[in-house]
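K.L.:
A single structure is presented below for examination.
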Amino acid sequence: MQSPIRHDWSLEEVEALFALPFNDLLFQAQVTHRRNFDPNEVQVSTLLSIKTGACPEDCKYCPQSGHYNTGLEKEKLLEVEKVVNEAKAAKEKGASRFCMGAAWRNPRAKDMPYVLEMVKQVKSLGMETCMTLGMLTADQASELAGAGLDYYNHNLDTSENYYGEIITTRTYSDRLETLQNVRDAGMKVCCGGIMGMGESARDRAALLAQLANLPSHPESVPINMLVKVKGTPLEVQEDIDPFDFIRTIAVARILMPRSHVRLSAGREDMNEQMQAMCFLAGANSIFYGEKLLTTPNPEADKDMMLFKKLGIRPEQREQAHSEDQQEAYLHDVIQAHDQQQRMESMFYDATKTA
């Protein structure tokens, strides 16, 4: 039985979830997760920076901002062929989704034809496509949707109340407008935030409430842990407590039960035990590879070793091209479902009352 979808969460309700005893919160999140997903599958995505550095925005966490001296080498927009080759390599390593990010305030008209061609060619590989290019007009969103872009990433970063402490060059309403343009164009939304930027527990609750109360939940919700980069204003920010981060994952899972909750930036600084707790709390998506745009990420082989230890497998994006393939795929799905049913029959759901 899938969990009901709500869009009317009060801040007090969300704060009450954060305040639950840790074990109770994780139990509730895990039950919600199992009702909506295979608990042992994790979506694997790869992220490529297609244009690096010299961004005019002043996001205090970002090494790509032109406002700070972080030593980052600027790069122009990559050639389409190079992007496609990177996507092929990612697919060979097990990625089912390929995400492309550009350090822009918004895409310029002269760059759009190249960006659209990237989408078309990566899509032709049988991969899901995602982009993050900054703010979008309604027309730009329609162009991307027409090229076949599946997802558009545009994070809210933090609560509306704390937002001005982190970014001043674009408003919270600017971000919400881009999200609406993406939705109106028919694309799926990838939207989350960054934890550990000095925000309060109430700010974390407010961010998740904002996401859960959107007209449609984001299909992907990246929960990032701040990566402190030398030269940015947040380089000396105090670390977030790991339990507070795991709580954020768990509450996101409960509020948005059918969304992929992505364990995103910051994994390089998490040990295996913390990552395992995040998966238990409902995270079921990761970025895979050695870099997230410009910050380190666990090596792909380390991820697969962790998956093996935990009995986790990558989520597959199946594309059957013949009746035989379709029949084989359906047979595998039925077998997996039967196995899951047998496993569930060995346990009882303590959340159900007689």
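Heads up, the Cβ atoms here are built off N, Cα and C, so glycines get one too.
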K.L.:
Same [2Fe-2S] cluster site as C99, C130, R262 according to Swiss-Prot: which of C55, C190?
P.N.:
C190
K.L.:
Measuring Cα to Cα, how many angstrom lie between C130 ([2Fe-2S] cluster binding site) and C59 ([4Fe-4S] cluster binding site)?
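P.N.:
A Cα-Cα distance of 22 Å.
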K.L.:
For the domain 'Radical SAM core' (40-258), would you mind checking the mean pLDDT of the predicted model?
P.N.:
87
K.L.:
Give the distance between the Cα atoms of C55 ([4Fe-4S] cluster binding site) and C99 ([2Fe-2S] cluster binding site), rounded to the nearest whole Å.
P.N.:
19
K.L.:
Least buried of the binding-site residues C59, C62, going by other Cβ atoms within 10 Å?
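P.N.:
If we count Cβ atoms within 10 Å for the binding-site residues C59, C62, the smallest count is at C59.
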K.L.:
May I ask for the distance between C190 ([2Fe-2S] cluster binding site) and C59 ([4Fe-4S] cluster binding site), taken between their Cα atoms and rounded to an integer number of Å?
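P.N.:
Pair distance, Cα basis, whole Å: 19 Å.
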